[in-house]
Each structure stands twice: as structure tokens, then as C-alpha cells.
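Each remark here refers to the structure printed beneath this line.
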């Protein structure tokens, strides 16, 4: 039976799926049919359905948080359907800090390891002890340790070897008792009093000032990854674009700000149908309605082409795009 997907993903394109299933307990996974095509979903804050989906959308809605105190840290075991920001907030209220840089990131806990969420100098991988998942083929529950998750920048094994083969059920986080603030980004450096609560509140204030609320103005958050380029490439760019924001990423690479690249290409406020490059934050695309998946694809390609022609950098979308039966990747053909 057809089910609307418009309220199930925050970009809110008009679309529907053939069947919709909500998983409230893990026993359901053992009897659930995973006949392709199927799409696993949390809160849909990093997913856009471009067209009607011909398969089954399976939403993880399991709940539960367990806290175990150990000698030097707290082990936090969280069900996949829990809201991420609510977890951060509730842990801080219990005087268990560590995740405050990741406050207000939308979505569920189960979706967080898939793309190794990160913000303001901190990535989730720093705190993951292990991830439990349901093996779709074998119908068994298994566990991966941190190294086995193969975390990278907005990346993990769940995007590759275990893509469409695993359903994350529980995430185990280890939060050290000795709090070590990460203040490397912008406004956090200006804090008068450095406390977990102060960092938490500043991160929320900063995100609210830059990012529109997806439930009042549909969007999928940061749409493009910040490109990682070689030190040599950065040096060449800085000779022409001296104010290009960049951050060291390992010994041989730097990360550059995708939002700055888009803004400097003159694309703030650029619009195709009801889809617009947000006027306050160029890294965000917003949907004013009356838009189709084809409009979003055209916008992505226009941004990629504009940035590539100016900086010789091809932007990669961070948001997961779903067409009628599978995930897809959009890349503009660079002009020779």
C-alpha cells in the first residue's frame, strides 16, 4: 500500500513508497522481509527521496538508553531509534559530557555511525566503542569494534561492505570521565568560561544562527562534504584565493570549506524552482515547495559545475539521495 514519504524526510519532496514498516523492537527484524528494493531510514534528516520509491522503507524506531559507570569512563548503550540531540542533552543533564560539539545534529543514533557524524572539530568515531547490527542475510545479531567500523570523514563500513546488508541496532559510546574540551572552531574560542554546558549552548546558538530549522523550512542540513585536498593543491589555491578557509587534515592534506566555495562562486540565494541555496548558509539547500527531484539534481550539478570551474574542486554531496529503487550519486560533468 502506497505511503507518503514527504513527512519522513526533512527535505520534504513529494514522494511515496510502495510499503512502509516501522521497527519498534528487534524481534521484528527476524521476520521482516528485506526483499530488494528496500531503504533503511532513521529520521530522514540526511536522506532525500528524489522520486516515488518502488520498494519498502524500513524506519528504525527502537528506544532505550543504558548507562554503565566504569573506572575511567561511562559506557552509554543506545538503541538505534533514539534521537541524537536528545541523547546529548540528557547525558549532559546527568553530568556526562563529551558530545556537546555534536549537539543539535538532527537524526537518530543508529544513523550517526553510518556517516560518522561530526561538527566543530569532533567526530563520532572518537567515542564509539562498538556497534551492534542485524545481519540481514544470516538473520543474526553481530558486533563491530571501533576499528572494524572503518570510520573515515563522513564514512564507515556501513556505506561500503555492509551497505544494505546490516541494520544498526545499538551504538555503544565510551565517554571519558576526564572532560577534554575541543575549542578549535570559531565562536568556541571566544568562550569566557569553558564548561560543557557553555560549549553545548554555544554550539546550539551557532547552529541555529547558520542552519534553518528543517521542520519550518525543509532542508537536509549540510548538503556537501568539505573537500579534502593535498597540501600542494591548497598552496596553489592560496596564491589566488588567499582567504580560503582551510583546516589541517592529517600530514599531507587539508580540508577546505565547501560553504565558502559555494558562496564565493556567487550562489547564495540562487534558485531553481522552489529549491534555493540558503541565503545565510551556502552549504545548505532549502526547499520552498513545488519542487521535484529533477530540480534538486539540476541544482546539485549547477553548484558542482560552478565550483569546479572556479577552483578545480568537484564537490561531493553528503546527503544520501534515493531514486526510484536505490541510492544514487550525482556528479556534474566538468567542462573541458
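Any Cβ shown, glycine's included, is placed from N, Cα and C.
What you see is a predicted model, and the numbers here were worked out from it, not measured in a lab.
As annotated by Swiss-Prot, active site applies to 154 (among others), with the evidence given as sequence analysis. Other Cβ atoms within 10 Å of the Cβ of residue 154 (active site) number 18 in total over all chains.
Its Cβ placed at the centre, residue 222 (active site, proton donor) has 22 other Cβ atoms within 10 Å. Positions annotated as active site, proton donor by Swiss-Prot, on the basis of sequence analysis: 222.
Residues annotated as active site in Swiss-Prot: 318 (among others). Spatially close to residue 318 (active site) yet at least six residues away along the chain are 46, 115, 154, 222, 223, 224, 225, judged by Cβ distances under 8 angstroms.
Residues or ranges marked as domain 'FAD-binding PCMH-type' in Swiss-Prot: 1-178.
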The domain 'FAD-binding PCMH-type' (1-178): mean pLDDT?
-> 98
